[in-house]
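As recorded in Swiss-Prot:
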type	residues	note
BINDING	B:Leu20, B:Asn27, B:Lys156	xanthine binding site
BINDING	B:Ala128, B:Asn129, B:Gly130, B:Asp131, B:Ala132	5-phospho-alpha-D-ribose 1-diphosphate binding site
Number of protein chains: 2
Amino acid sequence: MEALRQKVKEDGVVIGEKILKVDGFLNHQIDAQLMYDIGETFYEQFKDQKVTKILTVEASGIAPAIMVAYKFGVPCLFAKKAKPNTLNKGFYQTDIHSFTKDKTNSVIISEEFLDEHDRVLIIDDFLANGDASLGLNRLVHQAGAETVGVGIVVEKSFQQGRTRLEEAGLKVSSLCEVASLSGNKVTLVGEE
Amino acid sequence: MEALRQKVKEDGVVIGEKILKVDGFLNHQIDAQLMYDIGETFYEQFKDQKVTKILTVEASGIAPAIMVAYKFGVPCLFAKKAKPNTLNKGFYQTDIHSFTKDKTNSVIISEEFLDEHDRVLIIDDFLANGDASLGLNRLVHQAGAETVGVGIVVEKSFQQGRTRLEEAGLKVSSLCEVASLSGNKVTLVGEE
């Protein structure tokens, strides 16, 4: 994904040492062709895994996830952020802490749309400390389904996300790995 | 969009007389192939309008909007729900009342991504009273841009949305028009 790496370098805005804002093509304005190419790339990587469902969390995960789902020909399911304890009948529910927003959300998926026959590919826009993907993986387990992998658009490799996901037994594939945001500059893995 | 009409009939869950839940293919689990076909249909309808940007609001508008953007080869921009008065520098901002959730959200788009040269196609999943589309249209006007049309996946034709949008001078295209939800049953326009 050289096009993605270039965009992260050129359009990414560094805030502090840990936050990377990519509002120009992923988190606010979205490059649709890039999302399509991302869908194709994850499809190539996971096509032998008998994936039955793509799972993400609203809102920024939806654009890449829907393209992955389109390439696989399977449904895309997005976990919804809900007020805790208002909608817990018929739902799987877990708490996810957002690193960027420093806020914990309760997220839910309806029991209707995930069961023990599902083989799930989790897709998310960012991997920081891994809380979102680990939370989605908990929802998959609540349903008795299996997570076949986690596809990430931009990984901040200097944070603990990958380690935590791999410790949980998850296969992680990231399309762009950021080594550092030091000095107000995006340095990708391989560029250090 | 016969496939869409069938899905609304078969999978739509009627709540009361006014709320239609389509969590099976649009608002929670998403049918990616259907979204692609929706993208193609809106492209055919608006391809002569020199569209430069697709605008929607998070979260359920993103899936159809990204497919429309992909077909047009233009960026997709989604308005973000934000706490009022926390992020008003460099942003266009307006309030949108959600009919379904009975809640008013302040929504924003960054000034960076919309300007007076843009010709905007607004895409949304539902049209009820038109508040979301009218709010997005206000953001377009704040930017000095032009709205060339509003593409809606499911219109509840028994509510005031279309009338209000047309009174505001907007061209509205809906792919599925629901005439009534009376008697706990989905009746489409043309079926009455």
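Using the three backbone atoms N, Cα and C, a Cβ is placed for every residue, glycine included.
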Using Cα positions only, nearest of the binding-site residues to B:Lys156 (xanthine binding site) (B:Ala128, B:Asn129, B:Asp131, B:Ala132): B:Ala128
Site of maximum Cβ density within 10 Å, from binding-site residues B:Asn27, B:Asn129: B:Asn27
Non-site residues, in chain order, whose CB comes within 8 A of the mean position of the CB atoms of B:Ala128, B:Asn129, B:Gly130, B:Asp131, B:Ala132 at 5-phospho-alpha-D-ribose 1-diphosphate: B:His97, B:Phe99, B:Leu127, B:Ser133, B:Leu134, B:Gln159, B:Gln160, B:Gly161, B:Arg164
Additional residues surrounding xanthine, by Cβ distance to the B:Leu20, B:Asn27, B:Lys156 centre under 8 Å: B:Gly12, B:Ile19, B:Lys21, B:Val22, B:Thr100, B:Asp125, B:Phe126, B:Ala128, B:Val154, B:Val178
Spatial neighbours, same chain, of B:Ala128 (5-phospho-alpha-D-ribose 1-diphosphate binding site) - Cβ under 8 Å, 6+ residues apart: B:Lys18, B:Phe99, B:Thr100, B:Lys156, B:Gln159, B:Gly161
Alpha-carbon distance [B:Asn27 (xanthine binding site); B:Ala132 (5-phospho-alpha-D-ribose 1-diphosphate binding site)] in Å: 16
Cβ neighbours within the same chain of B:Gly130 (5-phospho-alpha-D-ribose 1-diphosphate binding site) - under 8 Å, at least six residues apart: B:Gln160, B:Gly161, B:Arg162, B:Thr163, B:Arg164, B:Leu165
Same-chain residues at least 6 apart in sequence whose Cβ lies under 8 Å from B:Leu20 (xanthine binding site): B:Val8, B:Gly12, B:Val13, B:Val14, B:Phe126, B:Val154, B:Lys156, B:Val178, B:Leu181, B:Val186
Spatial neighbours, same chain, of B:Asp131 (5-phospho-alpha-D-ribose 1-diphosphate binding site) - Cβ under 8 Å, 6+ residues apart: B:Ile96, B:His97, B:Ser98, B:Phe99
Rounded Cα-Cα span from B:Asn27 (xanthine binding site) to B:Asn129 (5-phospho-alpha-D-ribose 1-diphosphate binding site), Å: 18
